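Notes to accompany the following structure.
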Amino acid sequence: MDSALSDPHNGSAEAGGPTNSTTRPPSTPEGIALAYGSLLLMALLPIFFGALRSVRCARGKNASDMPETITSRDAARFPIIASCTLLGLYLFFKIFSQEYINLLLSMYFFVLGILALSHTISPFMNKFFPATFPNRQYQLLFTQGSGENKEEIINYEFDTKDLVCLGLSSIVGVWYLLRKHWIANNLFGLAFSLNGVELLHLNNVSTGCILLGGLFIYDVFWVFGTNVMVTVAKSFEAPIKRIFIALLLRFDISLKKNTHTYFYTSFAAYIFGLGLTIFIMHIFKHAQPALLYLVPACIGFPVLVALAKGEVTEMFSYEESNPKDPAAVTESKGTEASASKGLEKKEK
């Protein structure tokens, strides 16, 4: 989820943005407006398109394409794990040279960024390949054991088109690694966010509330209670989270009413919460925990709509089936495909 946002007035950057030790020129109203507008756009694009892709996410072709389901236990643990990770990064930056840590993290995100960007652009690039393109199928298979005890560790199918996308993404990766250019940085950030929304699924609304509630406490504590979050955000040179809204889109589809009320409500709530965060940050000139404003909005708005429509019980009893269950996949595939097409037609 979104972590602390830093005020562009004082020259600090949002988590994931490139940082420099040199003095920056003073901010101008036009520059601040551009920064805030870019922040909104970068936050909203992965949510909207990631939610659409989460609906028609392939659930049986490749193991890597199958969404990972976050349970209530995972949701309860996540803020604790995030806190340990954040504190660990803080201590590392205090003890070791920031230069070497950022080099290690840059290499880490270089590899992950290439894979994420390749997966993101693959559906779009497929439209540009001619029918005569010599496309060959490949499979990467790693197993453990033998005979009846053989277990698949990695089973990934890909083709020549995927390799072309990987090559193009590698060019962006080298650009990011050598120059840390903000465009390459943001492309990786968008790819990470979109893949996260697409491939990480909450199993029900209650789990989403547990996760967001825990992260609400996490964000407020680490921003207002300590200087840990802001220190890491200013030192961390890597692209840096929004799956609750995608869950509500799939809940809309499960109602089979050919409407997407809860998705649009939660999307508008996110815009409101992020806008309020930016406004408070601009007024007080201090880093803000974005989840302080986003969590109440993203949970409160849809719940109020559910209360008005008398669908609170349906919302909190909605449970997503296990994507690895073949019967569940067969039953839901047709419904999800038609529903996502209907949403796309509305957007057009």
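Including glycine, each Cβ sits where the backbone N, Cα and C put it.
Per TrEMBL, the features are as follows:
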- 1-27: region 'Disordered' (REGION)
- 33-55: transmembrane segment (TRANSMEM)
- 75-93: transmembrane segment (TRANSMEM)
- 160-178: transmembrane segment (TRANSMEM)
- 210-233: transmembrane segment (TRANSMEM)
- 262-284: transmembrane segment (TRANSMEM)
- 290-308: transmembrane segment (TRANSMEM)
- 318-348: region 'Disordered' (REGION)
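Using a cut-off of 8 Å between Cβ atoms, the transmembrane segment (290-308) and the transmembrane segment (210-233) share at least three residue pairs, counting only pairs 6 or more apart in sequence. As a quick check, the transmembrane segment (262-284) and the transmembrane segment (33-55) clear the bar of 3 or more Cβ pairs under 8 A, pairs 6 or more apart, so the two touch.
A Cβ distance under 8 Å defines the sequence-distant neighbours of the transmembrane segment (160-178), meaning residues of its chain 6+ beyond its ends; these are 106-107, 109-111, 113-115, 117-118, 121-122, 125-126, 129, 133-136, 184-185, 187-188.
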